[in-house]
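Sharing a structure below in structure tokens format, with a few things to ask.
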């Protein structure tokens, strides 16, 4: 092993089902073997002649998978937030320890680039092993509702929490309840109880309405 050896972050106990046997003579550079129960990358292979009693040897090799994730965020404590293909987030991996890769990720993220990281997994352990710069961050389009705000004079409050409001054409609007916000609810009840002339603001969006504000325009 050398400085290029991947250091994996443990996620589970290694088990035989996560490895398969392979003859030592078939191990090649950039492959993987298990050393002391951990997956390790092969950076150099050397061979020697077998002795009189030499025989074929076998190494256990981990099943290695590589998955790409979009990088969403980097926390202050060095964890990354990754977007999975099903739209969930993966938040259990740290930034890589490799200085070059670490710098590329931090600089790219700081520059607002859209980054994809490659995560290598073997024997229940995972680590970030590569980076793809797919350009500037895409503009996220969010659907925004049309919101209207209308003022009505408060005429009455029923015992079951509905309000009666006076519209600008002189009709009454009686299908709204008092707001659930405790502070606003108290202001309306107290002001109405004190005989004040109150105007409430009603916010409407996507077929829904609610009282969102109060104006005290003086005694009745």
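Here the Cβ of each residue, glycine as well, is placed from N, Cα and C on the backbone.
All annotation found in TrEMBL is predicted automatically rather than curated by experts.
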Which one of these stretches, 1-21, 22-42, shows up in TrEMBL as region 'Disordered'?
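It is 1-21 that TrEMBL describes as region 'Disordered'.
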Could you tell me the mean pLDDT over the domain 'Translation initiation factor 5A C-terminal' (63-132), as a whole number?
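In the predicted model, the domain 'Translation initiation factor 5A C-terminal' (63-132) has a mean pLDDT of 89.
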